[in-house]
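**Student:** Sharing a structure below in structure tokens format, with a few things to ask.
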Amino acid sequence: MGGAGVENHVLNKDHHSYTNGETLEMVDMTDGDTSSNSSEKQPLVRELKQDGMYLRDEDNVGSGRGPMCRRWMKCVGWVCKLPKDLPQSLRYVILGTKLNILLLCVPLAMLGVQLNFGHGWVFLLSLLGMAPLAERLGFVTEQLSFFTGSTVGGLLNATFGNATEMIICIFALKNNMIRVVQQSLLGSILSNMLLVLGCAFLFGGLAHPTKDQKFRKATAQVTSGLLLMAVMGLLFPAALHATKTEMHTGTSELVLSRFSSIVMLIAYTAYLYFQLKSHKDLYDCEEEGEGNEADSESDECILSFWGSIAWLAVLTVFISILSEYLVDAIEGASASWNVPVSFISVIILPIVGNAAEHASAIMFALKDKLDISLGVAIGSSTQISMFVIPFCVVIGWPMGTRMDLNFQLFETATLFITVLVVAFMLQEGTANYFKGLMLVLCYLIVGASFFVHMDHKPDHCE
């Protein structure tokens, strides 16, 4: 824009329409001097307002300030704006959830470790404090996705959607607690497929008692196929160990697990491409429904880009601290409560850790948006079985931990039956309260089974 263009815009008050929808403002840098002489001596400074940020440039646009300079000024503007945005971001991040009262458990858990409250209390406080942190991590990830494309946003959701489980597993692997890793991941899958999906079907059916709620069979069949593939990856190492047919005892099982994990990660990457690129139209209705029915804080961009990054780092740090407390106290809590470690890992940890997902799945089912409820429940199970579990096997490789896909025969059989039951429930593309009731009752049977189950650690876990 030349000097004549600037003069034409100056004639139209202070705010002007720019070519690409931005706001152009002319600011007089005269320090309050309204005289025409002093105004002529001071340069006019243009402020380019974009995304709530001001990029200041001298009056002469052609003075050599190119795109790189503007990007640099934009980054500086973001950093300078962080302190101003802090009260607003605190209000939305800390007070924006009904679970915020449980955030008091975070400092109490830290205090309990320092004052030796006991493993039972430390474990309970850490577990309760983890629930709001995990829910807020999902909210911040959604805010960050506003500044990325659909592909990057999908990858962010896939990565941070189960970040809590991944962090807990990394600390457990560091302490060589392989059975805790395996059982907590298994419990997350069982909880999402039976309890979360069952409650969504049950309460959605009770809210709409005169009809069967419908969802897309095509997407449900794709995720069911992935879950069956995950069962196959876990079944063969367990069968190889149970039948004692390993070519090299203790080694073949581990090598097979690592190879299968790499294959499963490749399959999950292909699934992301399938979902986000090649067959995006299959999931369009879910995205539109989610956009129409989500809460107001999810509909609009509330946090800035760097604000989202900062909160992501802060929440991850606190989740890591509580995860370490959980892992260190789980065996002591089992002894003090007289409850098996397997029951705590498979039942208690997933229920509290996935409380936010439980609530959102039920909420969308009540609004007759079952496609989104399935995306929360079955989608999360797919992420854990096809991404988090193989990731733990691969990450344990350089750590020197013999993490494998042998979840033992009892756990693998439980997962296999669960996937079959859910696949049969989804094959018709309809849901009602009776199907939901059956899934919830199946979860009660699973919970009772693990309460009386005595876990025998494999040789490499001891």
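Think of each number as a place in line: the chain as shown, counted from 1.
Cβ atoms here come from the backbone N, Cα and C positions, even for glycine.
Source: prediction; values computed, not measured.
Feature table excerpt (TrEMBL):
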TRANSMEM  101-124  transmembrane segment
DOMAIN    121-276  domain 'Sodium/calcium exchanger membrane region'
TRANSMEM  144-173  transmembrane segment
TRANSMEM  185-206  transmembrane segment
TRANSMEM  226-243  transmembrane segment
TRANSMEM  255-274  transmembrane segment
TRANSMEM  305-327  transmembrane segment
DOMAIN    308-446  domain 'Sodium/calcium exchanger membrane region'
TRANSMEM  339-366  transmembrane segment
TRANSMEM  372-397  transmembrane segment
TRANSMEM  409-427  transmembrane segment
TRANSMEM  433-452  transmembrane segment
**Student:** So, does the transmembrane segment (255-274) come close enough to the transmembrane segment (372-397) to give 3+ Cβ pairs below 8 Å, pairs being at least 6 apart in sequence?
**Tutor:** yes
**Student:** Taking residues 6+ outside the transmembrane segment (255-274), which of them lie with a CB under 8 Å of any CB in it?
**Tutor:** 154-155, 158, 222, 226, 229-230, 233, 236-237, 240, 382-383, 386-387, 389-391, 393-394, 397, 403-406
**Student:** Provide the three-state DSSP residue tally for the domain 'Sodium/calcium exchanger membrane region' (308-446): helix first, then strand, then coil.
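**Tutor:** The counts are 117 helix, 2 strand, 20 coil.
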